[in-house]
Amino acid sequence: MHIKEICLEGFKSYATRTVVPGFDPHFNAITGLNGSGKSNILDSICFVLGITNLQQVRAANLQELVYKQGQAGITRATVSVTFDNSERNRSPLGHEDHSEITVTRQIVVGGKNKYLINGKLAQPNQVQNLFHSVQLNVNNPHFLIMQGRITKVLNMKPMEILSMLEEAAGTRMYENKKEAALKTLEKKQTKVDEINKLLEKDILPALEKLRREKSQYMQWANGNAELDRLKRFCVAFEYVQAEKIRDNSIHVVEEMKIKMTGIDEQTDKTQGEISELEKQIKALTQAREASMGGEVKALSDKVDSLSNEVTRELSKLTNMEDTLQGEEKNAEKMVHNIEDLKKSVEERASALNKCDEGAAELKQKFQEFSTTLEECEREHQGILAGKSSGDEEKCLEDQLRDAKISVGTAETELKQLNTKISHCEKELKEKKSQLMSKQDEAVAVENELDARKNDVESVKRAFDSLPYKEGQMEALEKDRESELEIGHRLKDKVHELSAQLANVQFTYRDPVKNFDRSKVKGVVAKLIKVNDRSSMTALEVTAGGKLFNVIVDTEDTGKQLLQKGDLRRRVTIIPLNKIQSHLVPPRVQQATVGKGNAELALSLVGYSEELKNAMEYVFGSTFVCKTTDAAKEVAFNREIRTPSVTLEGDVFQPSGLLTGGSRKGGGDLLRQLHDLAEAETKFRAHQKSLSEIEANIKELQPLQTKFTDMKAQLELKMYDMSLFLKRAEQNEHHKLGDAVKKLEEEVEEMRSQIKEKEGLYKSCADTVSTLEKSIKDHDKNREGRLKDLEKNIKTLKARIQASSKDLKGHENVRERLVMEQEAVTQEQSYLKSQLTSLRTQISTLASDVGNQRAKVDAIQKDHDQSLSELKLIHAKMKECDTQISGSIAEQEKCLQKISDMKLDRKKLENEVTRMEMEHKNCSVKVDKLVEKHTWITSEKRLFGNGGTDYDFESRDPHKAREELERLQTDQSSLEKRVNKKVTAMFEKAEDEYNALMTKKNIIETDKSKIKKVIEELDEKKKETLKVTWVKVNQDFGSIFSTLLPGTMSKLEPPEGGTFLDGLEVRVAFGDVWKQSLSELSGGQRSLLALSLILALLLFKPAPIYILDEVDAALDLSHTQNIGRMIKSHFPHSQFIVVSLKEGMFSNADVLFRTKFVDGVSTVQRTVTKQS
């Protein structure tokens, strides 16, 4: 493959489209003046080949490859190179079917860089692969020989020359890949070390721990299975017992009902006997009354009559004596009142004298005139109206009529009351006599009633003394159900939150026996309490990873935990006695907190005082700020310069570092911990409440049983007493007692009414007497008094009118004193007349009382004689009552028997009710057990059968219940420690372990393979380098001899080494080998270096070679030798040579001459080869 044509447009100095056609397949030369665009043609070829090192084409960037860098209106550079691809055996891979290949590269100023292969867009790597397949790697261009490269070769060290040989042989790429492979081996070894470290420190300990936890889990799971079997056994026994009670209670209830029926029949029979006895008693009583009733009745009537008469007369005597005593007391009272009034008159007379003495004569006269005038006018008006005085509303005749009517009414009512009371007293006496005859019977009934009341009171006291209230157990059971429901909900919530916070849980095994767990305080996050939820995000950012640190009391405790605590994960431990905190100074705190927008993070969390050092270490050096401005002020203020965090979680460091942005779930950890703490607190409170309720229930169960029994006993006693009371109320003595009590109350009430009416009657009679006297006196003096009064009034008015003005000041006092004195005087006179009348009446009453007392004594004597005769007859009747009493006693026995039978029946009723309730409860219990445990239906047939899980004989149910409770306690305790996810975790850890071991084995295998291949390739490299050395050495000598006849050159190892230690260039002139290259001239040295480069190129010839002024330092003869050498040694490669010397391009087959015309390069082709 060789170049046929190059087309340039806008590339460097080629502004317009310029085609450079007809390249010779062998030797082409390009010549022209400096700056005419010779090297730009070579640069265009490198440009198309995809060069990335732009210094090779003398440009700093792709824009400099455009004509005048796009400033002349040309904004793109395009180069197309057409290759002859007629030799199929040397064609690029994938392009064997194309006879020509055109590769185009175009760049646009500020735009894209694109490649085209045969007019189709291609990627840069496609173009590179195309040229790499024919040994044209433009980024390592051994086919491009520049003048500077020759100079470098002369100064190379042995190893550098060996490196060139390796590149020619193709082993250099192997060395690069070998170095990369060795680095890969190092990385793999590092990976293996990491895997081993991970296995040793994390995976294997975790796997071993999970294996132990899995063993615990299997123990817990097996325990659950045993627990389930025990639960089923206990539930089955409970079911069988409830079913047995339910079925048996029906028969027991039926038997009790039969007994109750028998009791009812016996009661009816006894009731019939009682009826017969009543008839018998009635017959005996009638017979007794027939024989002795007449005489007894006559005497009884006489006694009753005399008794009533004694009572009546005695009542009169008592009333008369009371009246006498009352009148005597009234007389004494009147005497006392008269003395008081006398003193009052004297006092008022003295006061009036003093008033008169202290006033002027005119005042005295005016007072007298005024008083006299008023009295005269009042008296005059009263006389005209028919009154005794002027102060009364009715006239004397009306008052007298009303008083007489009141006297008549009072007298009538007194007579009626006396008649009623006589009748009641007679009846009361009869009833009392009958009541006395039944006294023995009443005492017996009373004693029996007291005994029954005492029984009831005794039972009631015992019942009331029980510390149990009705409904208390039901209320507790209801509370227990409520607490259980709430507890289950809270427990689920705690488990859910605990699962979410598994990474905060700190679990460890006691490092030593009897280890004090109080030394381990816990994880920081669980030891703080945040009251303000809005600051949780800021606090979480402030603490960061320290939230998961574990606080212990001393460093020794931490050391024990790390070494022997069997920790599940890596933890950082904070010993309280060693931790050092950097608390913000108080001065800075005060300066900041005073602003109101910033608070020390430590002040926002609650904690135990013993954790103060650790909390200061975690939260003591950062401020939490409400706003971003406040956070900036705290962080960057010279006086404060303290890290700060906003409520949103943005961090400001005094160094200027800011951290912020979106925080997914900021503060969730502390919020979840807060919720977990609240849930655990509530759960513990409800568990405590539930425990208290359970304890109360357990404590109340015996009391409830005793309460139920006592209640039934009390009901029976009260029912028994109520029956006795009903029977006692039907007793004749009870009826008589009620009648006597009622009569006594009526008599007492009527006596009270008589006393009131007698007082009223006396008062009305006195009023009548007084009024009659007043009317009589009034009629005699009326006319004379009227005339005198009118005359006096006329005179007094005239005098008063004349002196009224002067007397006005003393009138009120004088008038009052005169009126009071007159009133007292009148009252005194009235009382004296009343006292005289009263003493006369007292004398009369005393005589009447003596007569009445003699009458009462005579009647009482007759009554006592008749009563003695009646008692003798009653004694005789008592003998007849013995038989009646016997019948009554028999009747009482029958009644007692009925009462006992009713009591027995009540007991049976209560027992039936209890059994029915027990039957109902057991039925409900059976249904609930079946509903709650669905397996009962399918396994019921096995209950109680030998050889099954429900063999109640071989296994004691009570011990099974105790074992169940113990196992539940053990399982509950184990459940708190067991890791329920351990199976999945163990499988995952085991998979990770197996995966790591697989990776490790693969890496170990790859290492072995790589090492083996490297060893094999090292041997092949030696062989290939040796072959290459021999071939290059031969061509090196041949080419140098051609360029400089009479000389020889070779490559040989340093003294005492092999060719793998490097190669040195040796030169001989004739047969003499030079010791150093410094003996050569500059031209000779250039030819030597060029010979070496061409010898290396000849080892694996490329299809194209480019030489850029490699003959610059040579004279003409040496230049001609280069041309001859190229023709002789590279017959299958195309050479494109840039040279200014004719000796070089004279040997070329085609010569291209460049010129610079009007700022644009042009090319002219000349064929020098003869056909």
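These residue numbers are counts, starting from 1, taken along the chain as shown.
Cβ from N, Cα, C; glycine included.
Since the structure is predicted, the reported quantities are computational estimates derived from the model, not experimental observations.
Noted in Swiss-Prot for the protein shown:
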BINDING   GLY32, LEU33, ASN34, GLY35, SER36, GLY37, LYS38, SER39  ATP binding site
COILED    172-510  coiled coil
COILED    674-1026  coiled coil
DOMAIN    2-1158  domain 'Zinc-hook'
DOMAIN    518-635  domain 'SMC hinge'
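Distribution of Swiss-Prot features across the structure.
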residue: GLY32; record: ATP binding site; CB count, 10 Å: 21
residue: LEU33; record: ATP binding site; CB count, 10 Å: 12
residue: ASN34; record: ATP binding site; CB count, 10 Å: 8
residue: GLY35; record: ATP binding site; CB count, 10 Å: 12
residue: SER36; record: ATP binding site; CB count, 10 Å: 19
residue: GLY37; record: ATP binding site; CB count, 10 Å: 24
residue: LYS38; record: ATP binding site; CB count, 10 Å: 23
residue: SER39; record: ATP binding site; CB count, 10 Å: 20
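Cβ proximity to the ATP site centre (mean Cβ of GLY32, LEU33, ASN34, GLY35, SER36, GLY37, LYS38, SER39, cutoff 8 Å) flags the following additional same-chain residues: ASN40, THR1154, PHE1156, SER1161.
For the coiled coil (674-1026), the model's pLDDT averages out at 76. Assigned with DSSP, the residues of the domain 'SMC hinge' (518-635) fall into helix, strand and coil as follows: 63 helix, 20 strand, 35 coil.
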